[in-house]
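Asker: Heads up, here are the entries from Swiss-Prot:
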- 1-20: signal peptide (SIGNAL)
- 21-260: topological domain 'Extracellular' (TOPO_DOM)
- R105, S169, E197: 4-aminobutanoate binding site (BINDING)
- N120: N-linked glycosylation site (CARBOHYD)
- C178-C192: disulfide bond (DISULFID)
- N254: N-linked glycosylation site (CARBOHYD)
- 261-281: transmembrane segment (TRANSMEM)
- 282-293: topological domain 'Cytoplasmic' (TOPO_DOM)
- 294-314: transmembrane segment (TRANSMEM)
- 315-325: topological domain 'Extracellular' (TOPO_DOM)
- 326-346: transmembrane segment (TRANSMEM)
- 347-444: topological domain 'Cytoplasmic' (TOPO_DOM)
- 445-465: transmembrane segment (TRANSMEM)
Amino acid sequence: MPYFSRLILFLFCLVVLVESRKPKKRRWTGQLETSKPSHLYKKNPDMTKIRHGKPQPLLRVDDHDFTMRPAFGGPAIPVGVDVQVESLDSISEVDMDFTMTLYLRHYWKDERLAFPSASNKSMTFDGRLVKKIWVPDVFFVHSKRSFIHDTTTDNIMLRVFPDGQVLYSMRITVTAMCNMDFSHFPLDSQTCSLELESYAYTDEDLMLYWKNGDESLKTDEKISLSQFLIQKFHTTSRLAFYSSTGWYNRLYINFTLRRHIFFFLLQTYFPATLMVMLSWVSFWIDRRAVPARVSLGITTVLTMSTIITGVNASMPRVSYIKAVDIYLWVSFVFVFLSVLEYAAVNYLTTVQERKERKLQEKFPCMCGMLHSRTMMLDGSYSESEANSLAGYPRSHILPEEERQDKIVVHLALSNESSSSRKKGLLKGQVGLRIFQNTHAIDKYSRLIFPASYIFFNLIYWSVFA
């Protein structure tokens, strides 16, 4: 037993000796200690590497229920809106829509976001805070597509003032429907509207209004379109009613566009006018040149058909007549009538030649007098040639006032043996002179067609321009 007590005492002394030889640990003080204290080696602490405690948040977002609107159960919360239009990107006649890029800003007051501030300065946040607080649920009525820009981050800004006033701004591109009237196209003006409205809150919960009236809408002076002249931007507001939900405040961004006519003058009106004028060349071509006049008429008709097809391909299929349709189809009718004019001339020429052959077969002794008479009336032969063929020498050409009577008397004396043949001859060559003289139809067409087309243009441009 004494031996065991001695052993325990020995072990205890050994443990005390070992513990006394270990170095003592020092607490970290954040100060750099050196063996040689000097101001050359003294360093200030790096505050970026010092761990701070969690600061007390100024906006107590977690202390409130932001699923409810501000002042829930009370009067409607007023939400002011202003818009700055950055660009009007495109206008589509086929789809009847427009694309616009704009800055949309909302203003309202939420006392739950009020915070103490000695300097009365606001705090600015990005889009991450938007998901934690209440914001107005404004959407674009009749919108087809829209998105918030996200380069390089979501283009959303939230600014909160100490008294709870909130500014909520975002950059949006929206494509919306525009009801267009093309009855005066391309001499038309179009008025389009971008409409804003709360999706869930009626006018009893949310009062949407333009913050500064007409001054709430600002536009960039550099906005321009290739086919349109932007005439006016203005704002309006009214109530919209839905039978299942009630009345809603709706804001309108209205703008008026007037189409540039110069592009369509070059692409549509000028080519159509040239085709009509080209069809008139047929009236100066000899009526016996069938291939030339027929090919010219067919070419102008097909070209007009191509112009009409090209214009309609770039337009919506509306159920009413457009101004450009009137011009193109009237021009097409003029071109087509020039083809019909030659068809009539060619037919009458064929009928006339057939009658001449029959008369020559009945009266072979006329020695070419009837033929010479017809040729002179047609204008295909000169005066001296006609009189020479009729038996008159060149030295006996009569004055103008006696020439017609002389020739008629000559023909009448040649056929006085038969009263029936005399009546038929006078009826065929004097009574129907204009209708048998197919050259006269071309002569009258040279005046009637241009005069009618010019008259049509005067009426058209005075009505639609």
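Just so it is clear, glycine is given a Cβ too, placed from its N, Cα and C backbone atoms.
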Asker: Please list, for the topological domain 'Cytoplasmic' (282-293), how many residues fall into helix, strand and coil according to DSSP.
Answerer: 7 helix, 0 strand, 5 coil
Asker: The transmembrane segment (294-314): which same-chain residues, six or more beyond its ends, come within Cβ distance under 8 Å?
Answerer: 93-94, 268, 271-272, 275-276, 278-279, 281-282, 285, 324-325, 328-329, 331-332, 335-336, 338-339, 342
Asker: Which of the recorded positions N120, C178, N254 has its Cα nearest to the Cα of E197 (4-aminobutanoate binding site)?
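Answerer: Result: the closest of the recorded positions to E197 (4-aminobutanoate binding site) is N254.
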Asker: Specify the secondary structure state of E197 (4-aminobutanoate binding site) as given by DSSP, simplified to three classes.
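Answerer: In the DSSP reduction, E197 (4-aminobutanoate binding site) maps to strand.
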Asker: Tell me which residues of the chain lie with their Cβ under 8 angstroms from that of N120 (N-linked glycosylation site), as long as they are six or more apart in sequence?
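Answerer: The list for N120 (N-linked glycosylation site) reads F161, P162, given in order along the sequence.
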Asker: Between the recorded positions R105, S169, N254, which lies closest to C178 (disulfide bond), Cα to Cα?
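Answerer: If we rank R105, S169, N254 by Cα distance to C178 (disulfide bond), first place goes to N254.
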Asker: In the same chain, which residue numbers or ranges, 6 or more beyond the ends of the topological domain 'Cytoplasmic' (282-293), come under 8 angstroms Cβ to Cβ?
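Answerer: That would be 338-339, 341-342, 345-346, 349, 438-439, 442-443, 445-446, 449.
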Asker: Near the topological domain 'Extracellular' (315-325), which same-chain residues lie under 8 Å Cβ to Cβ, leaving out any that are not at least 6 residues past its ends?
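Answerer: Tertiary neighbours of the topological domain 'Extracellular' (315-325) are 93-96, 182-188, 264, 268, 308, 460, 464.
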Asker: When you measure from the Cβ of E197 (4-aminobutanoate binding site), how many other Cβ atoms are you left with inside 10 Å?
Answerer: 18
Asker: Given a separation of at least six residues and a C-beta threshold under 8 Å, show me what packs close to C192 (disulfide bond) in the same chain.
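Answerer: In sequence order, the residues whose Cβ lies under 8 Å from that of C192 (disulfide bond) (at least 6 apart) are I91, F98, A176, C178, M180, N254, F255, L257.
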